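Notes to accompany the following structure.
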Amino acid sequence: MDYFSRQKNTNIRLTLPVVCFVWQIAMIILFGVFIRYDEESDTHWVETKAHDNITSDIENDFYFRYPSFQDVHVMIFVGFGFLMTFLKRYSFGAVGFNFLIASFGLQWALLMQGWFHSLDPQTGKIFIGVESLINADFCVAGCLIAYGAVLGKVSPVQLLVMTLFGVTLFAVEEYIILNLLHARDAGGSMVIHTFGGYYGLTISWVLYRPNLHQSKRMQGSVYHSDIFAMIGTLFLWMFWPSFNSAITDHGDGQHRAVINTYLCLASTVLTTVAISSLSQKTGKLDMVHIQNSTLAGGVALGTAAEFMISPYGALIVGFFCGIISTMGYIFISPFLEKTLKIQDTCGIHNLHAMPGVIGGIVGAITAAAASESVYGKLINTFDFTGDFKDRTVLTQGGYQAAGMCVSIVFGVVGGAIVGSILKLPIWGDPADENCFDDEVYWEVSEPESIPPILEYNNHMIHKQQDLSESNFSVEHCES
Amino acid sequence: MDYFSRQKNTNIRLTLPVVCFVWQIAMIILFGVFIRYDEESDTHWVETKAHDNITSDIENDFYFRYPSFQDVHVMIFVGFGFLMTFLKRYSFGAVGFNFLIASFGLQWALLMQGWFHSLDPQTGKIFIGVESLINADFCVAGCLIAYGAVLGKVSPVQLLVMTLFGVTLFAVEEYIILNLLHARDAGGSMVIHTFGGYYGLTISWVLYRPNLHQSKRMQGSVYHSDIFAMIGTLFLWMFWPSFNSAITDHGDGQHRAVINTYLCLASTVLTTVAISSLSQKTGKLDMVHIQNSTLAGGVALGTAAEFMISPYGALIVGFFCGIISTMGYIFISPFLEKTLKIQDTCGIHNLHAMPGVIGGIVGAITAAAASESVYGKLINTFDFTGDFKDRTVLTQGGYQAAGMCVSIVFGVVGGAIVGSILKLPIWGDPADENCFDDEVYWEVSEPESIPPILEYNNHMIHKQQDLSESNFSVEHCES
Amino acid sequence: MDYFSRQKNTNIRLTLPVVCFVWQIAMIILFGVFIRYDEESDTHWVETKAHDNITSDIENDFYFRYPSFQDVHVMIFVGFGFLMTFLKRYSFGAVGFNFLIASFGLQWALLMQGWFHSLDPQTGKIFIGVESLINADFCVAGCLIAYGAVLGKVSPVQLLVMTLFGVTLFAVEEYIILNLLHARDAGGSMVIHTFGGYYGLTISWVLYRPNLHQSKRMQGSVYHSDIFAMIGTLFLWMFWPSFNSAITDHGDGQHRAVINTYLCLASTVLTTVAISSLSQKTGKLDMVHIQNSTLAGGVALGTAAEFMISPYGALIVGFFCGIISTMGYIFISPFLEKTLKIQDTCGIHNLHAMPGVIGGIVGAITAAAASESVYGKLINTFDFTGDFKDRTVLTQGGYQAAGMCVSIVFGVVGGAIVGSILKLPIWGDPADENCFDDEVYWEVSEPESIPPILEYNNHMIHKQQDLSESNFSVEHCES
């Protein structure tokens, strides 16, 4: 500990508690002023519906959305959290800080999304229900993606700041893309993944550490940390159909989004394995690819999952995403690090940014190619009502593409500004040689791998060392 | 093994199988006499409803409750089980015995709760459906909480006895609180957490081991065991909204309970992190707090989750629970151990007992403050019908408080009696120096941490030891 | 790596990518030709129903099946995957190859099951919805069971071949059992578990390795791998009620299947613990039994779960399955290996094959004993309509038994043929001494268990070794 503090001050005993308390108290006050139960979660529900048979209850949106919400919730906390546990000694930080920033972010998201999307003009209140909770989780996902790029290199205080601004930017770009441009993006290829990816990558670029190799001993995984990471991978993979369908239209909309995502992800697994095997001399598989690239298909179908992309269309998207994402880990990540000075711990460029952009393009093309013969009344899927009732599918395709550009711009510009703020020397971030090390921010128990008999070994060896007058020096120990 | 048996007989080869067989056979006989499918799980369902369109099926309570049931089920088996895996060498016992006593307890709970709550006076049968399964899981939760206090210090036979009596006591106190006092407690702050907490603490007090320090080497966690425990923490945290809403009223009741619990838990995480960081010299976080105190908000909203506590009210409850529970780990647990002689392995006093009492108080206040302007017809939420149709909200508040007292009394008195039974020297509990060690009750494979090359080290050292005539003695090895 | 390749060519750099790409492209083409969204996942859904109030959406099968589907999905990927992580150094292969073959298998299953069960004669298309996804997952389960028998002894290419044929055989035997014989098997005791079990066992028998003891050092578990396996066990155990009810009739059918499976599994746990404890000198429990035999009850109730077997009937089935399955691990597995030359890595004979046969018998008896007084109109449960409207329950019982024989025959004969194909020396399977070792097909990071200080030990010892002129030889290191 003294060793660390001599080099760089990572003491967060003042900043972390202050930030947590101030923000939580602010949340309580703002929730008191703005947030109320919506009609369906209020005790007046029964009266509103003016009939008390059981049918009125089943119409409550709760029963349409809650199972999907819980799947999304698992993705946010277990999925993202455990996916990042792959580092040999940063699993506490992966799961723990993910837990912290998600819990903070979802409260702020309810407010920000409420102000932009559902502020009741008459009462000045935001009315929340289960769909608000899903949207808050979605919003947080963007920030957790960004966390992947800076994993192990920032302090929890920096993460909270990053989340505060990230959620704010998210709500604005989401408002522009979904409400002003009236683009569709139910699973968030653009709104969540593209934005989150470029937001994180740009922050990582601003915070570039030229001497990061000094913590090289802490990079990489160990056997068991890779298995922990597979818990994250699998829960993300399995529940991604729920993610892409959680807020789509009731009935066929949710049903179709699930089928498309399910098929797309299955296809991604096969091409990921193929490319991973191709990339090694003897065809061995690399856990990094299996943990990450197998998920790219879900990202890329975020926009188009609810469309009539057809089952084989979903397979095709997955096919190419598996290839591109795995190639990304092999070729693009080293290029980004060496040439562009972007250090991307989890490879979010390959898992979120690139597949997100692909998803935006797929969505634009699918929308532009929509026809009444396939969709029936287009009004249902694209919601061509009100101000948008004269829109054609071609125009819709253009607005989808515009939406993708908005998400990239918000990610890059927002990331540059927030990155500059995080560069201030007040946040308690670790020194280069202490990156990727839980010791810096966590009380870590002794290493598990010294059973009593081996401790005795040490004891004996030190004795013998004296006897044999070995010229052993501390440097050997460090290597 | 001989080493253990010389000191204290932990042979359970007779008692454990006998208890399992006798009880399982008793369950079969009692189920044969008493338990039947309820109307909605019986093949006569379609005829009962006298119409065979699909709407009749969707009205089946199965579709209102089953997703929540599965979430609760995960909390019981993965949540509680993995939460207790934090000890370095008691993970088999944590997950395995949790599995055993939950599986036994839920059968006995179906009978006990059936006799007290739903015995049909005409047929003398208990009719079970999905809500019965949820209630059985709830009942088991009380016993699993109690297990947390004695984790690592008792034999599986003692756990089965503890569960048998625990479930019995639970059904009686639940009947008194919910039926006689007509208190509301959908998420079980009082019925489950307060009772379970004090039941376990009192048993642990009766079974006090003054020489527990002899197994000090086995206490505490290792790096990977802390990550396993986070699996338990997260599944409990994520699914707690389902826990608190699983048996509330259809429609707005379940919807509101979910929103409240979701918000309360998010708030708890921030204050837990704040206090945990404050408690260490350099602001480092302690995994014990993150694993446990982040859940306190869910416990404390068990009673009030279904009430109109309002979103900011839920945040406030979470705010204080995070603080109090973390403070409990820092200050109260050591006090309980040193002064009151209560050894509480998992700190259930901080996670269940205290937050449970807070939950009871919050519930009483919220109930007493209820008004028709906020709730509409109070009859829906507080069920002021039948014998209770003249009750006012103030009286209801009083009965809520009375319910909390009943749960404490049952926990303490029941725990004292059951603790005395468990003190009998016939149950095969471990000696003080073998506590917290899976070796006592499990076939444990060789430690994983000796790769071949290190085994060779041992080999070499023993040789060299002879050469150098070291005065090494066995005691060194033990330390 | 050179070490391995000298002995046996495990290079899969050509075969694995080729197989993955060819099959995935074939899937895309076949899906393009055959697979379409069904009515309920098509945008025409609303028009089809000709009314646009919310009730039409809730009637969408999605809301009846999706939560169960997700539970089944978790069982396939996390349940089966992690159950097989128990080996000390084959966890990547367990989770990773499980992931690969399940992702491939489910695509092929949609086609095969579609052709046999739901090919629309007019359009020549297969229309898929959420129930198709569940059935595809079920089909894959059969192949994953078979994987358990050959775990650690085959290459991923062999697994893909095994899955291709396994899914094909599955679809045919399922068609014969469910459609031609009109047997009921909602949870797949016969169709999934009996078939999958004997398919895997027969393949393992054909691929018998007389010198498997050469990889003895890699067999068995380590402490943490046993805990990882418990993740698989618990998710399988908890979600088995969803498995057995996922495709049963709406309403009471699903409700009853859940209750029966829940009770049966609870009962299994107690008898498994009892027998496991009895089998050891001091009554210690064996993790192998807890991980596997506790699930046997779910397998054995696969056929009868939807019947009116009554709650105590479910308990009785669980009671005997726990006993028989645990006995199987103690007595039958060694017998199979020594006498019948069947090496069954995960003991699928005890977990799937035997309980599956029991399940078939229980189903036949329960069906034959059905009466209108218990079931009401039998037509609902046994679907005595169309060609089968004159069938009696006794005949039904006979056809159930016939179905079981079909599944055994398909498993054994199919396994023998596929096993012979897999014996060809072109698949890159590992040498006997490299079985159960992730090193063969995975890039494995350095062992985690050497903390810096111990590496120093090695260093020192090697120096001292020179000093003392030890006659240490490489053989010592290998042991």
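Using the three backbone atoms N, Cα and C, a Cβ is placed for every residue, glycine included.
What TrEMBL annotates here:
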- B:60-440: domain 'Ammonium transporter AmtB-like' (DOMAIN)
- B:12-35: transmembrane segment (TRANSMEM)
- B:69-87: transmembrane segment (TRANSMEM)
- B:94-114: transmembrane segment (TRANSMEM)
- B:126-147: transmembrane segment (TRANSMEM)
- B:159-178: transmembrane segment (TRANSMEM)
- B:190-208: transmembrane segment (TRANSMEM)
- B:220-239: transmembrane segment (TRANSMEM)
- B:259-278: transmembrane segment (TRANSMEM)
- B:290-309: transmembrane segment (TRANSMEM)
- B:315-336: transmembrane segment (TRANSMEM)
- B:357-379: transmembrane segment (TRANSMEM)
- B:399-422: transmembrane segment (TRANSMEM)
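Of the Cβ pairs linking the transmembrane segment (B:399-422) with the transmembrane segment (B:190-208) and spaced 6 or more residues apart, 3 or more are under 8 Å, so the two regions touch.
Contact between the transmembrane segment (B:290-309) and the transmembrane segment (B:126-147) is not supported, since fewer than 3 Cβ pairs fall under 8 Å when only residues 6 or more apart in sequence are counted. Through the fold, the transmembrane segment (B:220-239) approaches residues 71-72, 74-75, 78-88, 91, 265, 287, 290-292, 294-295, 298 of its own chain, all at least 6 residues removed from its boundaries and within a Cβ separation under 8 Å.
Taken together, the residues in the domain 'Ammonium transporter AmtB-like' (B:60-440) have a mean pLDDT of 95 on the 0 to 100 scale. Put simply, of B:12-35, B:126-147, B:315-336, B:357-379, the stretch with the most CB pairs closer than 8 A to the transmembrane segment (B:190-208) is B:126-147. In this chain, the transmembrane segment (B:315-336) touches the transmembrane segment (B:259-278); three or more CB pairs sit within less than 8 A of each other, excluding pairs fewer than 6 residues apart.
Tertiary neighbourhood of the transmembrane segment (B:159-178): same-chain residues 19-20, 23, 97, 100-101, 104-105, 108-109, 112-113, 115-117, 139-140, 142-143, 146-147, 150, 184-185, 190-192, 195-196, 199, 203, 403, 406-407, 410, 414, 417-418, 421-422, 427, selected by CB-CB distance under 8 Å and a gap of 6+ residues from either end. Beyond its flanks by at least six residues, the transmembrane segment (B:126-147) meets 34-41, 61-62, 65-66, 68-69, 72-73, 75-76, 80, 84, 97-98, 101-102, 105-107, 109-115, 117-120, 159, 162-163, 166-167, 170-171, 174, 188, 191-193, 195-197, 199-200, 203, 246-247, 348, 352, 415 of its own chain at Cβ-Cβ distances under 8 Å. A Cβ distance under 8 Å defines the sequence-distant neighbours of the transmembrane segment (B:357-379), meaning residues of its chain 6+ beyond its ends; these are 183-185, 187, 189-190, 193-194, 299-304, 307-309, 313, 317, 320-321, 324, 385, 393-394, 396-398, 400-401, 403-404, 407-408.
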